[in-house]
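Peer 1: Mind looking over this structure? Questions follow.
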Amino acid sequence: MGTVSSRRSWWPLPLPLLLLLLLGLAGARAQEDEDGDYEELVLALRSEEDGLADAPEHGATATFHRCAKDPWRLPGTYVVVLKEETHRSQSERTARRLQAQAARRGYLTKILHVFHHLLPGFLVKMSGDLLELALKLPHVDYIEEDSSVFAQSIPWNLERITPARYRADEYQPPKGGSLVEVYLLDTSIQSDHREIEGRVMVTDFESVPEEDGTRFHRQASKCDSHGTHLAGVVSGRDAGVAKGAGLRSLRVLNCQGKGTVSGTLIGLEFIRKSQLVQPVGPLVVLLPLAGGYSRVFNAACQRLARAGVVLVTAAGNFRDDACLYSPASAPEVITVGATNAQDQPVTLGTLGTNFGRCVDLFAPGEDIIGASSDCSTCFVSRSGTSQAAAHVAGIAAMMLSAEPELTLAELRQRLIHFSAKDVINEAWFPEDQRVLTPNLVAALPPSTHRAGWQLFCRTVWSAHSGPTRMATAVVRCAPDEELLSCSSFSRSGKRRGERIEAQGGKRVCRAHNAFGGEGVYAIARCCLLPQVNCSVHTAPPAGASMGTRVHCHQQGHVLTGCSSHWEVEDLGTHKPPVLRPRGQPNQCVGHREASIHASCCHAPGLECKVKEHGIPAPQEQVIVACEDGWTLTGCNALPGTSHVLGAYAVDNTCVVRSRDVSTTGSTSEEAMAAVAICCRSRHLVQASQELQ
């Protein structure tokens, strides 16, 4: 209570008297506080005196965020993020205004960093009592409390990522990553280790917290261990993936492998500033760390990705949903889980690799041999998703050296396309995460691959919707990708379908929950296709016995996907859209009470066909796959049982799931079928023929 009364005693003082008092305190506390704190505050008061005296109070429209894991929180330090359209000069003005208004209330604040190149905002050290004041400042979008991030580490690996037709000791991919620069945000690095000597430039950037505990001894080998090992995995002379890649080191983790979100943000801004001052070729940023979900961390990654930087991060070692952590949950980041030599998920004591829809793929992450900081010729074995992410960063460097013009979306699609598929035992994952987690282990592409005209597609799952009847789930593709089809999935089977709609100038896939349902997922099929032009044609409920029909009526447009949604709770059978391979392949047909949507696209050389596989009686799963040379763009269930849970694409296979038939009382008349729409570019066929 004494503190509160002392603060209030400052409040009625005239401003000149307050300035004198602050200057006096500055002299008295010169030994306790950093130089300039009080002078900075006085300048802020002087510059804002006229403007703030009569400033109106603003309603609190900004939001406050903090880490969901209490032990990782760092109260007292906050990232203040301004609105997207705010001019960069407003960052410093808003910081000064906050300091001045805080001083008028008897609080001291310290501006630790002003962001100019990464995002509009600043980092401030202040009392939590000032949050309400800060949230009301003009231009403020949101404020996030700082939190901790941690290193994620607790030669079969090189053989695993090498294409099967080669052996690790004889295959040397083209250029070895020499055209790419990799930034590593980690601990410090022993740059004179024989594995990485001459390959690593240690920058002067350092933003790390103090080590925990007064007895911690900062041995060089401890401070350098994590970063040195990962640098060796990325570009080591003997054990590295991309042996020709150059690497720059930024220190954001202390000797205990611990850092902060704010320190990492400043590191990312350092990279962005360097990119602006001296543009170079392709950049890969390796973030082998994880913290709790952070809106500002994810936003910073998004901005850097939009600037053309490829970011690769560890999924995390918490045997948990990767979407609960940052930067793993950022859609613009390539998130990597860890597998062992048998292609199984890595277990680390009671924990292990993270999983879920936010993971893009897995890579070797157990017992990885790499450079040790114990001596300049020592090696050590380490495990974790940090090591897995380092492998993918190396593979990305190799791919970008071979094709420097690749965008982030193109690189991600290639990483997925060339991965080893369906090799992970999904039983290791929690049951509700198995369908969401990609069964992919990273691999280098063959040296002779030609992907210029290939149609690449990937499946993107939404977050789970709420359980209310009107709840919806929404998923979107990356900026450079095209949404070619939309489907939905509900574990309870109670859903009201899905549709493609426009949102913010971008097409999204929206799925609808039903009354009594437990929630629904929206599933997008996101593809890369040059010069593509797509539209959605919708037919409202027909009310006729023949059902609702819609087709692609524009010349040159082909059907890439069908979807349907309905307002009534139970249509019985014939819920999903119907596609008939015979007669009219560009037509979708559905229940008479449902709206039917056809996704129709035009691109040079694009051709599509429909494949169907049905069974006379319901089973838990029905699949149909596209042939080699064709790419799955659409996946749906044909009319049949009302017990269908939904349909989704796994690589090039369409999967239709239903509830356990042993408990649903199904009859033999209730048939079900999986329908795939398979597309290809004729340019690819022609190019293949020319090579033969």
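Including glycine, each Cβ sits where the backbone N, Cα and C put it.
The active site, charge relay system annotation in Swiss-Prot covers Asp186, His226, Ser386, and the record cites sequence analysis as its basis. Among the features that Swiss-Prot reports, domain 'Peptidase S8' is placed at 155-444, with the record citing sequence analysis. Sequence annotations record features per position, and here Swiss-Prot assigns N-linked glycosylation site to Asn533 based on sequence analysis. Residues or ranges marked as sulfotyrosine in Swiss-Prot (evidence: similarity to another entry): Tyr38. The region 'C-terminal domain' annotation in Swiss-Prot covers 450-692 and rests on similarity to another entry. Residues annotated as signal peptide in Swiss-Prot: 1-30.
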Peer 1: Any idea what the Cα distance is from Ser386 (active site, charge relay system) over to Asp186 (active site, charge relay system), rounded to a whole Å?
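Peer 2: Taking the Cα atoms only, Ser386 (active site, charge relay system) lies 10 Å from Asp186 (active site, charge relay system).
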Peer 1: Just checking, which of Asp186, His226, Ser386, Asn533 (recorded positions) has the fewest C-beta atoms within 10 Å of its C-beta?
Peer 2: Asn533
Peer 1: In whole Å, how far is Asp186 (active site, charge relay system) from His226 (active site, charge relay system) when you measure between their Cα atoms?
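Peer 2: The separation of the Cα atoms works out to 7 Å.
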Peer 1: If I take every residue in the domain 'Peptidase S8' (155-444) and average their pLDDT values, what number comes out?
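Peer 2: Residues in the domain 'Peptidase S8' (155-444) carry a mean pLDDT of 90 in this prediction.
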Peer 1: Round to the nearest Å and give the CA-to-CA distance linking Asp186 (active site, charge relay system) with Asn533 (N-linked glycosylation site).
Peer 2: 43
